[in-house]
2 protein chains.
Amino acid sequence: MRSYRLFCLWLALASGSALAAGSGQTGALLFGLFWVVLAAAVMGTLASKLGIPAVVGQVVAGILIGPSVLELVRPETFFLTLAEIGAIFLLFMVGLETRLGELLRVGREALLVAVLGIALPLALGFGFGLWQGQTNVSALFVGTALVATSVGITAKVLQELGVLGERFAQVILGAAVIDDILGLTLLAVVSGLGNGEELSAAQVGLTLGLSVGFVAAVLALGIPLVRRAQPRLQRLSLSRAFNVALVVGLGLAALSTVAGLAPIIGAFLAGMVLAEVKDEVAFESKVHAIEAFLAPVFFVVVGLQLDLGTLTQPTVVVAGLALTLLAVVGKLLGGLLGARTLGPREATLVGLGMVPRGEVGLIVASLGLGAGLIGETVYAEVLLMVLLTTIVAPLVLRAMWRRERLVQQAP
Amino acid sequence: MRSYRLFCLWLALASGSALAAGSGQTGALLFGLFWVVLAAAVMGTLASKLGIPAVVGQVVAGILIGPSVLELVRPETFFLTLAEIGAIFLLFMVGLETRLGELLRVGREALLVAVLGIALPLALGFGFGLWQGQTNVSALFVGTALVATSVGITAKVLQELGVLGERFAQVILGAAVIDDILGLTLLAVVSGLGNGEELSAAQVGLTLGLSVGFVAAVLALGIPLVRRAQPRLQRLSLSRAFNVALVVGLGLAALSTVAGLAPIIGAFLAGMVLAEVKDEVAFESKVHAIEAFLAPVFFVVVGLQLDLGTLTQPTVVVAGLALTLLAVVGKLLGGLLGARTLGPREATLVGLGMVPRGEVGLIVASLGLGAGLIGETVYAEVLLMVLLTTIVAPLVLRAMWRRERLVQQAP
């Protein structure tokens, strides 16, 4: 009996490796993907039935099937990359819903929200780190982890609620782009400091200029270009139009990394550019299908990376809760002050929308841990902050929007 | 200037690694995916305009951007796995077009085509190897590489031509399933021999039984189950129905590896099972969008793995051409003899459909090379055989079907 099971196992491995031509990983990855998709479907549906954003259910699904609990899937490069592609298609779709004109109309608010939403959490996190007795560099890393906003989480919640066209949602999206430009520049500076290489003001200016220039160039050149190409695009078959959308979306996502931006920013810009012709050229339904497949993978993979095994000491939990409080206060204040022209309720929604730290907070913390700039304890505290902001903010945002709408609908 | 470019590079790497949390690979993989999608779109369109199957253009695209020519992308695990997922969605779609009843009606022909299409190439390849002076095990590996049929390539050509419902196409699909069952069992036996472990007849019987049992069980249990669940499935929203399709497709693909089958066979069965309700439950268009994105990735990745750099010696090219001839003759004879009840023309189409060796031939050769059972020279010969059968067979198949149709349409 035992030899039979061994033989089955051997065969499974042999045929699993079938397409990997010797790497032997593909079969296991396929099973992993099955678990990810199954968990996302089950927990997403359950969450929706409970009146909770599906995103939250999917992040929890990732925690459940990940290293913390069931250990069915590990956050390997394959899943991280597939998740990134999922986030790319998500922001591409969100971009398709976004018109540049409307975004520019709230440009001042978005800029203020982004700048305040970076300055306040950075200062709070840095102060907290110093107060804890961390080194300057370690405290700076904590501050930087508090800066990161995961726009993917919020964007999905806004998409689910069908409010991407609302003014507060436009502020969030605009702020997210600026947040990414400033945040990645900050990360470059802080990482440089950690390595003992101080970046000159000229270099920082260059980095900033490159990112800003990329965004401006894509929009300034892309939109007229797409408009001019419209007659030709309209004549394309559905499958060719879809190919064009894929090439533009993935191309700008890849290019944005060269400009020092996250790939999702490039995908968002690609969506905004193609939004100009989406009513005339049919490709949206196909892009939507890919988003429906891969965006849940992104949320589950965020959960996979949240290894709760590190949260064992009560002191870490207490410090993590304090850090979470600062993380929330920093972004909420940033939203309230930056978007005060929208009124206190919408400004609160903006602040809430900037709260989830998701994968971006994890990246900063992982970079710091990997480079030996922060310790295991600080990493665990940041992890708890990421977990709570990622899961709780969407819950509050959704509940608040629902109440808001009821108030509006009442006479 | 130099420090500026270094800084850009550093930033690109830093932000590329952004979502990989330290693995540093994601940015590069994203660029790779962009090249794959771009090359597939351009070469697929070009091929279609030249009246050639898009698949052929996409395999050539993979050769062009791969290690042989432009060196833009390497066949890494990520691409191999994504390609496998593409093949899974392709065969899932093909399964959706296939009804069990129609497949069983040509069951006898399919079985004969599969058995002859394995026995003849195996014998020819083994004989050729021995004639070349190879060891018994090496010659057996060459024979096994000649056995492999890449149904993905043919299935896509048939799908493009819109002839999946024709009798000869059903014979090809049925034969492909049986071919996979027998082929993977053969590979297990031959690999075992290579490792000096002879499998007993009982073990071989068990392997065969497991594969056959899996196929029979999925169809015998799945179809009534899906029919019974139809009323509940019909009430699902589009996105939930799509989730069910994803879970069933990926689940059966993963499970089939445990039964000693290729994942695409499980996906094909999943498609056949869900075909029962596809007219009532809307998920096909979404699955189709994912296939449209990922199936071209599969064909490009087949090309990526064809490193022509190994084909430098004229003697290797001559031996490879001879091997190709045997590979074609073996499958053509298998088709002609096995499907002779369909008449000589359709039987030839069946034989042609079984000719492409694609990724499956590469896997057998790579396994043999990796285990030291075949040498570099023999590997290069098999590579040429895979290249030619994969590219030429679809060309001939399409041309022959077109002429056939003209003959039928003429009064």
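Positions of Cβ are set from backbone N, Cα and C atoms, glycine also.
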>> Looking at B:238-257, B:318-337, I want to know which stretch TrEMBL calls transmembrane segment.
In response: B:318-337
> Are the transmembrane segment (B:318-337) and the transmembrane segment (B:137-159) near each other by the rule of at least 3 C-beta pairs under 8 angstroms (pairs 6 or more apart)?
Replying inline: yes
> Under an 8 Å Cβ to Cβ limit, what residues of the same chain, 6 or more beyond the ends of the transmembrane segment (B:30-47), are close to it?
Replying inline: 16, 53-58, 60-62, 64-65, 72-74, 76, 78-79, 82, 293, 296-297, 299-301
>> Restricting to CB pairs under 8 Å, which listed stretch, B:79-98, B:206-226, B:378-397, is in contact most with the transmembrane segment (B:54-73)?
In response: B:378-397
> What stretch, picked from B:79-98, B:110-131, B:171-194, B:206-226, B:378-397, has the most CB pairs under 8 A with the transmembrane segment (B:318-337)?
Replying inline: B:110-131
> Who are the chain neighbours of the transmembrane segment (B:79-98) in space, where the CB to CB distance is under 8 Å and they lie at least 6 residues beyond its ends?
Replying inline: 29, 32-33, 36, 73, 151-152, 155-156, 158-159, 164-165, 170, 173, 249-250, 253, 263-275, 278, 284, 287-288, 290-291, 293-298, 300-302, 304, 359
> Hey, which of B:206-226, B:349-372, B:378-397 has the most Cβ-Cβ pairs under 8 Å against the transmembrane segment (B:110-131)?
Replying inline: B:349-372
